[in-house]
Amino acid sequence: MHTTLPESTSENFEYYDLAEACDMGDIVALGTVFVVILYSLVFAFGLVGNLLVVFALINSQRSKSITDIYLLNLALSDLLFVATLPFWTHYVINEQGLHHATCKLITAFFFIGFFGGIFFITVISVDRFLAIVLAANSMSNRTVQHGVTTSLGVWAAAILVATPQFMFTREKENECFGDYPEILQEIWPVILNTEINFLGFLLPLLIMSYCYFRIMQTLFSCKNHKKAKAIRLIFLVVVVFFLFWTPYNVMIFLQTLNLYDFFPKCDVKRDLKLAISVTETIAFSHCCLNPLIYAFAGEKFRRYLYRLYRKCLAVLCCHPDHLSFSSSLSESQRSRRESVLSSNFTHYTSDGDASILL
């Protein structure tokens, strides 16, 4: 079984040297309950939040910016990822498992969405670095066309990096697992874990940390009353990414060591198995926070949610005329406020998009 996929419910024992059996039955049962509940919550909140981002960007009447392109692709990556969670929930509670084609396809979507989401978070960090720290030099490159080209490259990279994770996946006796060739059985799981640790965590974290550190240096040198909020949001982005993904990646690293029998005691193996189930769910729930951190903290997304709320209220309360009139007034007021806000930021960003600071 891949390290980031739900563990099989039928593998209740693990065997080691001297034919010693390590009973995992209670850990598997507890992990199954935990995974089913939290995967369902992550799916529900992740689906709603990221769909709102997609609808807000598509329905926005303003011209699209490069930031919008990246936010849209981040939301699509998260949607692709959370769309697989009901299948894994079904897998851990149903003895029939998944059909071969479904097993292969869902595993592929899972890892493409997994790496795609992290890669787009990293790209957004680099884009903000270019927009704020290198504003003058990057102005001509930060176009929508450039954003589309970069996004296609990120998707290609996500597919390429995800391929080793699902290329050997198959269904056998109601189990969806990695069936590696004999020559690769020992080294391939190590390669997969190392790929997740490095390309899925360490490298993105280093890039994000550098970009946001340089951004904060630039903001501290600017005399602007909005910079305190921007710095808090930047700090939030890095801290949330670190807190949600670090425990899981530590467990993946310990699991790699376990492949070399660094933890011979059964109790340690049991604790590690449970810890992976807990920390992976915490890490996966990060996709529920992406809309809040990257999108809804921006003015345009709050405006969209407000308009959506008023439309729903109009339908429920049967006062469409009144709400339409007040909405037009508030839209005019928001437009004036937006123009003032935009002018406050254009002196140190290359596109004047306030969301670039989030």
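Backbone N, Cα and C atoms are what each Cβ position is placed from, and that goes for glycine too.
Residues or ranges marked as topological domain 'Extracellular' by Swiss-Prot: 1-26 (among others).
What Swiss-Prot lists as transmembrane segment is 27-47 (among others), and the listing cites sequence analysis.
The annotation topological domain 'Cytoplasmic' is assigned in Swiss-Prot to 48-68 (among others) on the grounds of sequence analysis.
Positions annotated as transmembrane segment by Swiss-Prot, on the basis of sequence analysis: 69-89 (among others).
Averaged across the topological domain 'Extracellular' (90-105), the predicted model reaches a pLDDT of 83. Per Swiss-Prot, the feature topological domain 'Extracellular' maps to 90-105 (among others).
DSSP assigns Cys176 (disulfide bond) to a strand segment in the three-state reduction. Annotation source Swiss-Prot lists disulfide bond at Cys103-Cys176, citing sequence analysis.
Within the chain carrying the transmembrane segment (106-126), a Cβ under 8 angstroms from the stretch's Cβ atoms is held by residues 2, 4-5, 67, 70-71, 73-74, 76-84, 87-88, 98, 150-151, 154-155, 157-159, 161-162, 165-166, 169, 176, 199-201, 203-204, 207-208, 211-212, 237, 241, 287, 290, 294, all 6 or more beyond its ends. What Swiss-Prot records for 106-126 (among others) is transmembrane segment.
Per Swiss-Prot, the feature topological domain 'Cytoplasmic' maps to 127-147 (among others).
Residues or ranges marked as transmembrane segment in Swiss-Prot (evidence: sequence analysis): 148-168 (among others).
The topological domain 'Extracellular' annotation in Swiss-Prot covers 169-186 (among others) and is backed by sequence analysis.
What Swiss-Prot records for 187-207 (among others) is transmembrane segment, and it gives sequence analysis as the kind of evidence.
What Swiss-Prot records for 208-232 (among others) is topological domain 'Cytoplasmic', and it gives sequence analysis as the kind of evidence.
Through the fold, the transmembrane segment (233-253) approaches residues 3-4, 121, 125, 193, 196-197, 200-202, 204-205, 208-209, 212, 215-216, 272, 275-276, 279-280, 282-283, 285-286, 289, 293-294, 297, 357-358 of its own chain, all at least 6 residues removed from its boundaries and within a Cβ separation under 8 Å. The feature transmembrane segment is assigned by Swiss-Prot to 233-253 (among others).
According to Swiss-Prot, the topological domain 'Extracellular' annotation covers 254-275 (among others).
Cβ atoms under 8 Å from those of the transmembrane segment (276-296) belong to residues 3-4, 6-7, 31, 34-35, 38-39, 41-42, 45-46, 49-50, 52-53, 56, 71, 74-75, 78, 81-82, 85, 117, 121, 124, 233, 236-237, 240-241, 244-245, 247-252, 255, 302, 305, 355, 358 of the same chain, restricted to positions at least 6 beyond its ends. For 276-296 (among others), the entry in Swiss-Prot reads transmembrane segment, with the evidence type sequence analysis.
Summarising the annotation, Swiss-Prot assigns topological domain 'Cytoplasmic' to 297-358 (among others).
Secondary structure of the topological domain 'Extracellular' (254-275) per DSSP, as helix, strand and coil residue counts: 16 helix, 0 strand, 6 coil. With DSSP classes pooled into helix, strand and coil, the tally for the topological domain 'Cytoplasmic' (48-68) is 15 helix, 0 strand, 6 coil. In terms of DSSP secondary structure, the topological domain 'Extracellular' (90-105) contains 10 helix, 0 strand, 6 coil.
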